[in-house]
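Student: Starting off with a structure, shown below.
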């Protein structure tokens, strides 16, 4: 499957392969959207600026948790006054252990060229080990500047042994893939539940000043806000950092000030909670009830995954500064103040936050709380859209339309179908559960499951990529996985009280993703088994008496080698091919971005006079596809460059025939050799050869190049036609009942009801030609 590098010993290749990455513990991840660098190489002023922006984007969720943590922890009231010290101690140390120690100081370094999140971890691992169901490692791709990796350290055999085990074990590949789609499903669940619980808890505060309002009326007010929230998603959040940061900053100032006020006025003695001994006393006193209460305490760290998932817009240092300098002190003070208030008024635990606000500050705090809840919801929705758009490159879902709502922030995307489903689910959850306590039971499961998945994937990164000492790996895994397991076991005790919701949601989403990926893989291998060898192109055209028609034809295929089976079917039914014809493959590499200069790889298919080419357009999982006009223009320019280099190379071969044998030997050692069996060139397909080659092109060759360029321009003016195979996949007659259900019903339903491929690629309908074909798998 892999495409061989034709001259791995060349100086250019060696220089590229020697590039070091910026995605491990050995260096800050500084590469972010747009190819800009932030971090240790940037100024402190720029870092502080990014830190301020990060406040508005990634801390809305965790910053609004004080609205509902105590009410979720004590749903039946406070039995013992000293329980407040135990719970406060648990909250403080949960904030220190999970967000601070695990994410801020460890997990943030396990990014992929600056991109974070579950999918980025999987892509990072898949670049170091061949774990994908569809082989995606090709020699040419390793020459992309963002792709080159540090070779395994031969002195540490454990990393190489672990790599071989991953690559040879189908079970390990399935487990890693399952963890990835489970994490994606949980993030989608988080994006659905965050708006419900945040908005509902914020709106509930109005009952303090309007006690006549019923809970039903509060629910419907929340539904109205949710409806508006999801309705405006299509407009995007172009200046999200600048717009939201001031609001969230005001929110943090308010909750910190209110917390300080309550601490001083009510009971400064709650500061004793920094002594972890109160945690031990709390569990001794409450036993099973104390363990069950952990399901409410864990809500104090909701949104922590956002620090990692949204890292692409900032850098590690900026997030570390904003968390330790703004988020942690403000939120900790708020929880401490609420505990001091409840020590004096334990009966108000059901609505602690609003009850503890000093009278003059109530309405300003209420308004800011509503805005903060909306911002928290917006941030999670943007993150969910971004993660799902990345998951599309795994082949887990049909190609849906991903709309980039910002030219400045590449991570700001909007997916109409997903937005509709998430909005509907969030409104249904709000109406059905009605209270934050019930929603919190479901919310906690999403949060802790995502934490656990990240722990397992980062452990793989430590073993495979960082090659850390086994003691450090075990310490990381044991400490954090044990902590998360304890919290998860507590939340699962509330399975019937709402905890089942994320499991049902994730089960449905995982079933859909696994089904699509399973058929996608089967279809890929079926097409690969039925390809027509490239060297049979001339025979294929002559056999069907194919005539050439004006224009440029682009046949989309997922294969990057051979002639796809849909092409013989096309020329059999319609024996004609465009004057310029390209087999076009859109390929997503396991890296965030591919720079435009390295986007296209070309290869001649058949004799030169056929003017048929193979083209692979390579994108990172965070890259957006260009508009058709821009894509076609870029493609044509690169095609001209390729033809010019091909003619120059051929002319150079002719001139070399007259040289002495010794000269021929020297040239053979310095010039890349060509192979007719190779599908694509290495980097020479997209970069000009050395100037000595171009200087030896004859006048005849120059005329030929100009003629070919003029021919391409004429054919482009006559029209570009996009051809796509419309594959109808069905299970074979001897397949099991389960396989028939999966392939014939679930997969077919998804294919027919979600956005078609040409819409996802923004192909104009009047330039589209579909070719039907049926596969039995």
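Note that Cβ sites are derived from N, Cα and C of the backbone, with glycine treated the same way.
Copied straight from TrEMBL:
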DOMAIN    50-538  domain 'K+ potassium transporter integral membrane'
TRANSMEM  84-110  transmembrane segment
TRANSMEM  174-198  transmembrane segment
TRANSMEM  218-236  transmembrane segment
TRANSMEM  248-271  transmembrane segment
TRANSMEM  291-309  transmembrane segment
TRANSMEM  321-341  transmembrane segment
TRANSMEM  361-392  transmembrane segment
TRANSMEM  413-433  transmembrane segment
TRANSMEM  439-463  transmembrane segment
TRANSMEM  470-488  transmembrane segment
TRANSMEM  500-519  transmembrane segment
DOMAIN    550-777  domain 'K+ potassium transporter C-terminal'
REGION    654-693  region 'Disordered'
COMPBIAS  662-680  compositional bias 'Polar residues'
Student: To the transmembrane segment (413-433), which of 84-110, 218-236, 248-271, 321-341, 470-488 is linked by the most Cβ pairs under 8 Å?
Tutor: 218-236
Student: Report yes or no: does the transmembrane segment (84-110) come within contact of the transmembrane segment (218-236), defined as 3 or more CB pairs under 8 Å with a sequence separation of 6 or more?
Tutor: no
Student: Residue list, the transmembrane segment (500-519) vs rest of chain: Cβ under 8 Å, 6 or more residues beyond ends.
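Tutor: Same-chain contacts beyond the flanks: 133, 177-178, 181-182, 184-186, 188-189, 192-193, 391, 394-398, 425, 429, 442-443, 445-446, 449, 729, 742-743, 746-747, 750, 777.
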Student: May I ask for the residues of the chain that lie six or more residues beyond the transmembrane segment (174-198) and have a Cβ under 8 Å from a Cβ within it?
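Tutor: Same-chain contacts beyond the flanks: 61, 64, 67-68, 117-119, 121-122, 125, 131, 133, 166, 222, 226, 229-230, 302-303, 305, 309, 373-374, 376-377, 380-381, 383-384, 387-388, 391, 394, 396, 418, 422, 425-427, 429-430, 433, 436, 439-440, 442-443, 446-447, 449-450, 453-454, 456-457, 460, 501-502, 505-506, 509-510, 513-514, 517.
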Student: Tell me if the transmembrane segment (248-271) touches the transmembrane segment (470-488). I count contact as 3 or more CB pairs below 8 A, with pairs 6 or more residues apart.
Tutor: no
Student: Please work out the mean pLDDT for the residues of the domain 'K+ potassium transporter C-terminal' (550-777).
Tutor: 73
